[in-house]
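Feature list (source: TrEMBL):
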- 277-443: domain 'Helicase ATP-binding' (DOMAIN)
- C505, C508, C545, C548: Zn(2+) 1 binding site (BINDING)
- C514, C517, C532, C535: Zn(2+) 2 binding site (BINDING)
- 540-692: domain 'Helicase C-terminal' (DOMAIN)
Amino acid sequence: MNIAKVVVDVPASQTDRVYDYLIPEKLINVLQPGMRVIVPFGNRRIMGFVLEISSSAEVDKLKEIQETMDLLPALTPELLDLGVWMGEQTLSFHITALQAMLPQAMKATYQKVLVRTGNISEALMPLFQEEDTSMYEQFEHSGVPLAVLQQAIKAGQIELRYQVNSKETKKTIRMIDADSSVEELQEALGKVNARAMKQRALLEHFIEEPGQIAQKHLLEMYETTGSTLKPLLDAGLLRSYDKEILRDPYKDKQIERTKPLELSDSQAKSLEPILESIQSQTHEVFLLHGVTGSGKTEVYLQAIQQVLEKGQEAIVLVPEIALTPQTVNRFKGRFGSDVAVLHSALSAGEKYDEWRKIQRKQVKVAVGARSAIFAPFENLGIIIIDEEHETSYKQEDHPKYHARDIAVFRGKYHHAPVVLGSATPSLESYARAEKGVYHMLELPERVNHASMPDYQIIDMRDELHAGNRSIFARELLEQMKERIRRKEQIVLFLNRRGYSTFVMCRDCGHTVECPHCDITLTYHRSSEQLKCHYCGYEERMPSICPACESDTIRYFGTGTQKVEESLTQLLPEARVIRMDVDTTRRKGAHEKLLGAFGRGEADILLGTQMIAKGLDFERVTLVGVLAADSMLHLPDFRAAEKTFQLLTQVSGRAGRHSLPGEVIIQTYSPEHYSVELAAAGDYRPFFQTEMQTRRAFQYPPYYYLALLTVSHQNQVKAMQTTQTIVQLLQKHLSDQVRILGPTPSPLARIKDRYRFQCMVKYKNEPNLRDVIRRILHHYEDARKKEDLQIHVDLQPYSLM
């Protein structure tokens with residue numbers, strides 16, 4: 001068993017396979033699948049993942065593995081299998097799929113350092129020579145068997161750390177402990193000058209309390225400095241060393257512990273089959289369909305409690321925008337330090353530390369956004385995906401996986417239930433539940449007898465005809481005044497940031513566009529800048545029209561900044577908090593703004609999509625949706641579904657407690673079924689109506705989709721390549737498929753690259769992945785030499 005099957009870090013179709021390498025003698029019985037290694041590849045040294053240890057090779061002359069980057073596997077056997085499956089399913093390179101499962105901090109170059117953290121064997125003592133750290137290279141030349149070091153690491157006597165070149169270093173604290181026996185310390189105490197009181201106090205401390213203590217704490221305790229400590233360290237009486245501390249972003253937060261709540265009848269009825277699946281260790285996918293405020297989270301918590309009592313682990317996925325402090329506190333409050341949290345607000349170092357807690361089995365529950373689905377648990381008892389309809393669960397970069405598919409793979413592997421929860425399930429999931437593929441569970445009413453809010457739909461065309469040119473309908477403005485008078489709170493939702501959506505000349509009709517993308521620039525009042533939200537281009541707001549030099553250049557459309565300004569003018573007494581990408585850039589800003597609103601420091605919370613989910617404030621009694629149809633007219637077959645979901649979710653923020661709630665929806669399309677049915681709060685009629693449309697136009701869930709997007713700096717090149725791809729698809733796929741295109745992408749140019757696409761609609765096409773692979777291989781040279789880009793997305797969630 002001296003052959004390692006390795007996937008190398010060369011993402012190309014020619015190298016997307018397993019290579020055989022000889023395991024050097026020092027690594028025999030040490031190397032394990034899942035470890036990362038450095039191997040010679042051509043004339044380079046590159047990283048690779050060990051997939052398997054074998055006794056046979058496909059070729060005779062093999063190169064040797066040069067070194068191992070890990071002494072414990074970075075990926076579990078399950079995640080290795082998942083990486084292979086994910087690469088095949090998403091048409092990604094296997095190395096790309098494997099890398100996607102590791103935290104960002106591990107995708108870097110680094111030096112390896114050994115740190116002594118306990119008593120070590122005599123064989124390892126020469127490495128440290130009175131020091132507590134040793135470069136790993138020193139060990140490599142020491143002649144000590146690697147198995148001895150590996151055993152010391154498993155026993156917690158030594159830690160392997162990555163330093164210097166790493167994007168993230170581990171956080172450490174300086175520790176002090178005795179390096180002599182109590183008798184030797186007492187003898188030394190007798191020789192210390194009686195006037196050196198602080199030095200004597202330090203020695204007395206370690207005589208009375210042998211054991212490690214943080215240097216900072218020790219010096220504070222005896223009100224002294226490092227100069228007092230240094231002679232004792234130099235004399236070998238005490239020793240200092242660095243101890244790793246895992247960064248905990250929630251350490252200083254006071255989170256009140258909670259106990260299980262009494263369940264309603266429908267909650268108890270929904271929980272029962274989930275618990276049966278946990279107990280019998282049977283994989284089943286449950287769709288928990290519950291209205292907003294129906295207590296889905298409590299069902300999750302009590303299911304997880306059962307899993308933990310069995311000694312197993314749990315993953316909970318929550319959309320990034322719903323990972324609010326309130327959401328995290330629900331899980332931390334119930335399970336305390338057993339919870340690791342993984343989301344983008346954490347620094348790369350904090351994410352790395354949370355991942356290491358999971359790897360070290362220091363926690364039992366991982367709560368996080370999409371990538372938390374790869375948490376390296378080895379005994380999963382349940383996987384929960386909250387707000388399962390959210391499009392953010394689909395990764396837009398390679399590998400283009402959907403977290404729901406990964407959850408089902410892992411659920412099958414561990415014989416564990418997967419729970420998909422939503423007030424507005426995706427049509428695909430609801431259709432599967434209707435067919436019996438998923439097990440449907442229903443929570444039809446809010447907990448604590450809270451009523452659903454009342455709805456009003458206001459036709460903004462009527463407002464305009466009545467002479468109201470304001471952003472706000474008259475009724476919404478009156479209701480806001482009334483809520484402020486009653487000391488209640490308001491949530492205003494607008495799915496556009498910035499001040500206005502575009503700038504146009506009223507004389508010649510010229511709109512100011514991004515020079516690099518086919519999109520109008522958005523005006524931001526605070527910086528007086530026009531910005532492109534796709535490539536980041538910025539320019540000053542012109543005072544005259546660039547085309548005709550007229551000074552009648554004006555702002556059109558409405559962004560959150562403009563709404564905030566209008567509120568200040570119309571309701572000067574109102575305290576407003578604005579939440580969008582611009583106001584939440586700084587770390588902790590999201591939490592700070594929501595905390596202020598929760599404490600009643602503002603009357604109105606104005607925001608984009610990030611306020612639509614995960615918020616539960618007792619005094620919010622009015623929700624205003626300012627442009628309900630902003631997504632309705634996008635070139636996306638899911639536009640009606642996304643509109644219905646967003647309106648239902650944001651409306652669910654109102655009246656969740658004892659105070660009744662009201663929702664006012666402003667729209668120019670009041671007759672559209674997605675708006676009408678969201679106001680009625682009835683999912684099933686929407687599902688039935690939308691399914692008829694999907695069937696008629698051959699879209700999911702009736703058909704599968706594959707989207708191929710070609711981009712190049714030359715427009716003709718992009719178009720011709722797409723045309724050739726369409727011809728190849730037509731030639732090699734069956735007559736049952738429908739191929740649309742080539743056609744310019746809805747965003748036809750981004751970052752100076754012209755974009756064309758074609759779409760494949762199919763029901764059962766087993767040959768599809770192989771055909772697309774061959775097409776990608778055919779264009780391999782052009783992609784490298786001519787900067788041609790071809791992106792393939794199977795089951796796309798965005799057609800833009």
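Including glycine, each Cβ sits where the backbone N, Cα and C put it.
Predicted, not measured: the structure shown is a model, and the values here were computed from it.
All features noted in TrEMBL, drawn onto the structure.
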residue : record                : Cβ contacts under 8 Å, 6 or more apart
C505    : Zn(2+) 1 binding site : T511, C545, A547, C548, S550, T552, I553, R554
C508    : Zn(2+) 1 binding site : C545, A547, C548, S550
C514    : Zn(2+) 2 binding site : T520, L521, C532, Y534, C535, Y537
C517    : Zn(2+) 2 binding site : C532, Y534, C535, Y537, L747, R749, I750, K751
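Counting every protein chain shown, 20 other Cβ atoms lie within 10 Å of the Cβ of C532 (Zn(2+) 2 binding site). In the three-state DSSP scheme, C505 (Zn(2+) 1 binding site) is classed as strand.
The most densely surrounded of the binding-site residues C535, C548 is C535 (count of other Cβ atoms within 10 A of its Cβ). For the domain 'Helicase C-terminal' (540-692), the model's pLDDT averages out at 88. Those same-chain residues not listed among C514, C517, C532, C535 yet with C-beta within 8 angstroms of the centroid of the Zn(2+) 2 site C-beta atoms are P515, H516, I519, L521, H533, Y534, G536, Y537, I750, K751.
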